[in-house]
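*Asks:* Before I ask anything, here is the structure I am working with.
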């Protein structure tokens, strides 16, 4: 891969022994061509106090292109992590201001402080954010080389990214001036906007000076272990055997208190490392790792983790060795002597580099194999990224997508086809269903496709119009598409073709046309019809079975093999009517069954669709008269709608007890979650019933409801709601229908809601909802506040326009609601209610929430439930909360108010109401019992309920005549709330206004009151 060369370490000189021939300019898709060659030599030191890396870099650059070069370009990636960088402004345009708001002490940076060529002549450096341009003193002709010497300094930022800080240590990635790639498309000198990377293959010789109390994990091979490790560690490293062992447990390390001993411990040690045939170099240092090692076939697998996560991480080295074996068998050999897996607490998730990966600690023991799947994904990257080095920035699917496919294949090889994401014997299977990697990827793709925001997979990483489309397109759609192609092309043939692709393009830079062209040749036929639709457009697979007919044959004739039927001659002619409407017309497997249980498999060729513009009639013969047929029974195609894939149109249900945590949706069935329900309210006494929620992989909560019986009389009750959507007509429009007989009320409601504006999720987001409802109070003893309800019932028309937007220091939401009576003589009214909120984070450690509300209702006959209430939600708002709907659930002697309307909570005992409302609320909520701005024990937490505090102030008024500002009511006080309980949906809250004005006659303005509530105030 690399031309022969000699490195003269004493003088930092490089001499080419073989002058490479001048490359040809033409390129044949699928066949590797020319590429540049590099050799880095770096000597750096790390300063923990400033998180800075400083030193020298010497780069030897071979121009193996057919072009003459007059300049070199370098990436300075860390410059992106400071305000006003191109990445900061790009993120801000997508409503992410984390980098723009980054404090000075957490920012990153990269500075070239000097540049010369080997002779010592200085070079000019022109820096534009994350790109440095260095003009060369002479033209670099094809076949020639140049040596550039740089003095540089880098500061690792404190951000949850691919690099970051951990205690005094760092996870150093993209930390040095890295030469840009020059390939057949020219220089790749795009500004770094936070997506992927691209680098030339070459070699690295790196010297890193660290304080003596640090351990180091790194790309490449350590060349001086005897100089940095004590003898006891060297003995463990040299120990024979492949089993996982603990090399060094530094989890209990404590710096000595004696200043002399501390200085001796912190004396720098220099680690000397060599890496060959890689395109990047990453490293991490830490004081308190547990270091373990296993082997497979001579390859060492090293893991580094913290003691707090030892329960799962103690097995990581062993599992890493198993994964190395499986990856080698599936994708070809790993050509390096070692691989390192490092637990990172910096919030990066999972990040790949040559020979080393970071893995987040959030993947802990939760009954799943999520940790194993992330390790599998990042290890697989060392084939697709590490060895097959595509341009990740331009075509991320060639590494992230192929890696996701390989991750799924690896999980199936090691842990089986079914349940490979679930740890055995950790949870009862009747309550926690098993899940697998392939089903998870397909489910994620199908849910994404239903959102209507899809963009072509082969889109530049920085140019997705909607950032939410990047991950599911690049990862999930590529993954599912490759599994579909494998089933169409043949499993063994596809697996062999992918191994050939890795072997051919190892240490080279393929593009999409290379990948597609290579597979076409290796598979022996063109699949451009699939590649074009799946990767270059947003086509999908959507086949539908329209009809099945069969006729007796006379005489019967020999036919195809029939499962469970023996060699019976074909006696029936069968016609199958199909439709393909997704843009991709694949060959479709079909299963035929008769009433006796016999089964036969056939495949509808894709030509049947092509010749009929998507409407196909497939004819075949069978030994029996089929009673039913099913398209793709083994789920080999990611069909976006499986409800129409069989002759039976009844939904296939998969009932399951709701575990309130995780229930993965099946691909071909409707998941029916159910749970027993028990409640209490005074009118019906104890209530028992069952709640259910039916969902499909593309349509969550399609039908949900509650059926039950009140035990006092007894009396049945129900509450049913269905959600409908026409994905073909408008995937962003949702129709809802609800009917109920519940807690003294009987009613129906129908509504249609639609997202307005662009599919790009930035700027103002608008939603319009129009609905018609009818509610009748049948039993006046049922409501919590019966005096606030009118007798009888009437219909209402409601229209709500809502919007939201993110700003640099705030998130804003607002809505305007119009309501009016229709088709009734019992009421005559019309109302408008507007509310806006802002979540402001301008002051560090002091989050502020602001809310403003205005309401007005007019008419000759205004029902009490349509009035506005100063202290909190009115009757309609309370009826939507099960806690406040009926008497007795929350004791009536308690002063209680649900958030809504005026929200001036200090007046909850009086509940003044009116036809006009104005209110302003301010609240500061802490995520702990004591606010962050209190220096004393701010991290104090209490178990179970984990109470959090808040400060609030409210001002507002209600009136009959529209005079809202002459006699304003106000309060302020302290609140305490629990953490979200029961599926993160239930928050119990007590607000304590200790000031309110105007006071009741004879009452002081200053007095502690208590107001109970459920949920946040707003």
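Note that Cβ sites are derived from N, Cα and C of the backbone, with glycine treated the same way.
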*Asks:* Can you match one of 395, 400 to the Zn(2+) site that TrEMBL gives for 377, 381?
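*Replies:* For the Zn(2+) site that includes 377, 381, TrEMBL also lists 400.
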*Asks:* Expressed to the nearest Å, what is the distance separating residue 378 (active site, proton acceptor) and residue 400 (Zn(2+) binding site) at their Cα atoms?
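*Replies:* Pair distance, Cα basis, whole Å: 10 Å.
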*Asks:* Counting only residues 6+ away in sequence within the same chain, which have a CB under 8 Å from the CB of residue 377 (Zn(2+) binding site)?
*Replies:* 350, 403, 404, 407
*Asks:* In angstrom units, rounded to an integer, how far apart are the Cα atoms of residue 381 (Zn(2+) binding site) and residue 475 (active site, proton donor)?
*Replies:* 13
*Asks:* According to DSSP, does residue 381 (Zn(2+) binding site) fall in a helix, a strand, or coil?
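*Replies:* DSSP assigns residue 381 (Zn(2+) binding site) to coil.
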*Asks:* Near the Zn(2+) site, what residues other than 377, 381, 400 in the same chain have a C-beta no further than 8 Å from the centroid of the listed C-beta atoms?
*Replies:* 350, 352, 378, 380, 384, 385, 399, 403, 404, 406, 407
